[in-house]
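Colleague: Below you'll find the structure I mean.
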Amino acid sequence: MDTLSIWIVIAGLGAGTFLIRFSFLGMMADRTFPDWMMRLLRYVPVAVMPGLVAPLVVWPEATGGAMDPARMGAAIVALAIGAATRNTLGAVGGGLVTLYLLLWLL
Amino acid sequence: MTQTISSPSTWFWRGARDGLPFTLVVAPFALLFGVVATEAGLNLLETMAMTILVIAGAAQFTAIALMVDQAPTFIVILTALAVNLRMALYSASMSTHLGTLPVWKKAFVAYFLVDQSYAASILKYEQHPELHPQSKLAYFFGIMVPIGPLWYGFTLIGAVAGSAIPPEFALDFAVPITFIALIAPMLRTIPHVVTALVSITVALLLVWVPYSMGLIVAAIFAMAAGAGTEILMERRKGAA
């Protein structure tokens with residue numbers, strides 16, 4: 001990515017994120033979203049992030065898009081630890097250890 | 001009731017103390033972001049500008065991943081902002097407690113409204129609804145005292161260290177692992193699991209769609225599936 005695009009992303013993301021955070025705080029009157037909107041919004045992170053990560057796991061860039069057992073194994077371990085313990089850092093740690101172990105073994 | 005009448009400065013330090021445990025999560029993530037952003041080709045200034053202006057880890061990782069993927073600029077911004085939409089909910093919920101404060105103070109609250117400061121404050125506000133807004137505000141800023149500087153500082157350390165890490169460490173995969181680690185604890189209900197599965201399936205099916213637009217389609221389907229499942233489950237519970 002060229003320098004200009006990087007700065008456009010930084011500025012756009014910074015301003016947009018601030019506006020999202022300021023939205024209701026900045027309003028004079030007490031207002032909230034309608035129920036259906038609140039319901040949808042709750043699912044946004046879990047709707048966006050798995051879809052973003054899935055192709056990176058199945059077709060990793062580092063292997064030129066070939067499926068890679070080490071990276072796949074690391075992803076599965078991270079998911080299992082994260083789901084079982086709710087511990088994000090433990091999941092990152094377990095995933096990385098698995099990745100290095102499998103890269104070394106295979 | 002002594003807690004209620006204590007001064008805003010007492011609440012400020014109480015917040016700072018309650019913010020301390022979060023540093024264990026925030027520091028490694030900031031470090032990782034610094035490393036990943038540097039590996040993706042951002043220079044020190046760009047990395048720090050993003051981390052200071054955005055302060056939202058998941059959205060920053062999303063933006064970096066899409067930039068590496070050569071997605072067009074507006075898709076990068078749109079998708080990363082979608083990840084941050086949950087913060088509109090935080091804003092709505094905070095405004096019921098801090099709505100009467102001057103706008104400039106609320107602007108500072110908005111800037112620092114991150115997952116950790118929101119979660120800790122709202123917990124305290126609900127325990128002490130009668131607390132004066134000034135004390136609530138002091139508590140909120142108190143929480144950010146240990147978190148904010150660590151976020152900036154560890155991003156800087158990561159960015160400086162990142163350029164020294166050799167490619168054998170397979171850091172290309174640090175971003176996917178981080179995402180999975182962030183998502184997995186969210187999968188606590190059936191609708192959340194359904195949302196994630198639909199998102200993965202549609203995103204993989206539409207991976208050929210140019211400009212990473214497939215991801216946005218996948219997210220819309222997944223959101224609808226999650227909310228739909230929730231409604232169905234509520235109806236069934238109501239009928240039983």
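Quick reminder: no glycine exception, Cβ is built from N, Cα and C everywhere.
Look at TrEMBL and you will find B:20-42, B:48-68, B:75-95, B:137-157, B:169-186, B:215-233 tagged as transmembrane segment.
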Colleague: Do the transmembrane segment (B:48-68) and the transmembrane segment (B:137-157) come close, with at least three CB pairs under 8 A (pairs 6 or more apart in sequence)?
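Modeller: Yes, the transmembrane segment (B:48-68) contacts the transmembrane segment (B:137-157).
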Colleague: Which stretch, B:20-42, B:137-157, B:215-233, tops the Cβ pairs under 8 Å count with the transmembrane segment (B:75-95)?
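Modeller: Comparing B:20-42, B:137-157, B:215-233 against the transmembrane segment (B:75-95), the winner is B:215-233.
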Colleague: Sequence-remote contacts (6 or more beyond its ends) of the transmembrane segment (B:137-157), Cβ cut-off under 8 Å?
Modeller: 8-9, 11-20, 22-23, 26-28, 30-31, 33-34, 37, 44, 47-48, 51-52, 55, 98, 101, 105, 108-109, 112, 114, 116-117, 120-121, 124, 131
